[in-house]
């Protein structure tokens, strides 16, 4: 099926579109509004464009008028923007292909991780090795390197600095420390399909291992000698504690509001991602408004990821998750799908507030969340945050690194397709 697109009005910009594709188009968000009129198989179709995807099918979009815009607006005078349409038959995005453009950076990080933890205590090293080798995605340092290289291009840097690389290592150490402590607090036996540190070595060693990694990361952070980044990352460690306290104080509480959930999700997940992306931009010495957009990108991406994770807790199996399915609900943690399902299901409130005391009540609650709108509304929330994250990237010049950041947003959403 052939598709052709004609001139479209995107609010402040009129773009001339010419493209061909053997597939249906996906939506792409451009500025505040976007409409397209396409001829698909001789039929005129009008729709909103929401998402960007790299693919074999591409459209070349050129501003009809030369207009000088700021970096935050993302399109400078006489720049050409490549809008890419997704082929439905295309293989899903994988982190391996997404991070290909920073594969060497990630390999150097993997080689350095154990050495920078230190060799003072063999037990702590064994604990760190257990989680470092547990198939982690290295998503956060990957984001550090992608933003570092995307903003380095903007600032005219030809190579990453020592500070960029050290930041990636610090971020992964902090993330790993938080996982060790999370597993202790949640009494989790499995993570990524492997036994957790506290299951293998005991709670005492796990707590000390997490503390040690936080301390070691803080020492390396101080040696970066950048006060802005030190404050930024230090706030993340504080946010971790705030998030855990907020979660522990609201278990089985069906009056938790969506704003409370989003704040807790920011503390526990998005704060670190936002600090990672902003810190990378700071070390590239870009303008403060670009660094702030990178912070907002990390925040919105992190929130979208957390919402998707909470959806998968209801839609995937224990084998797929690498941990017990519906584990959060079983422990009374009220997440986005549950909050939305509670809006119209008094029976769900009754079950949760009873703390699943009746046989089969947990399974009943899971079915209510799955089938009564909780999942659908949570998906909409994840997409809303993803759209904002894509807009935050408009301050970056077109490059393979920016495309990979956009694909990261889409990779997350593909997990719930």
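Here the Cβ of each residue, glycine as well, is placed from N, Cα and C on the backbone.
Noted in Swiss-Prot for the protein shown:
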type: TRANSIT; residues: 1-60; note: transit peptide
type: BINDING; residues: 137, 140, 175, 192; note: isopentenyl diphosphate binding site
type: BINDING; residues: 182, 186; note: Mg(2+) 2 binding site
type: BINDING; residues: 182, 186; note: Mg(2+) 1 binding site
type: BINDING; residues: 191, 268, 269, 306, 323; note: all-trans-polyprenyl diphosphate binding site
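Note on proximity: of the binding-site residues 182, 186, 306, the one nearest residue 140 (isopentenyl diphosphate binding site) is 306, by Cα distance.
For the pair formed by residue 191 (all-trans-polyprenyl diphosphate binding site) and residue 182 (Mg(2+) 2 binding site), distance between Cα atoms is given as 11 Å, rounded to the nearest Å. Spacing of residue 306 (all-trans-polyprenyl diphosphate binding site) relative to residue 175 (isopentenyl diphosphate binding site) is 14 Å (Cα to Cα, whole number).
Annotation note: residue 137 (isopentenyl diphosphate binding site) sits in a coil segment as assigned by DSSP. Packing around residue 269 (all-trans-polyprenyl diphosphate binding site) is summarised by its Cβ count: 24 other Cβ atoms lie within 10 angstroms of its Cβ, all protein chains included.
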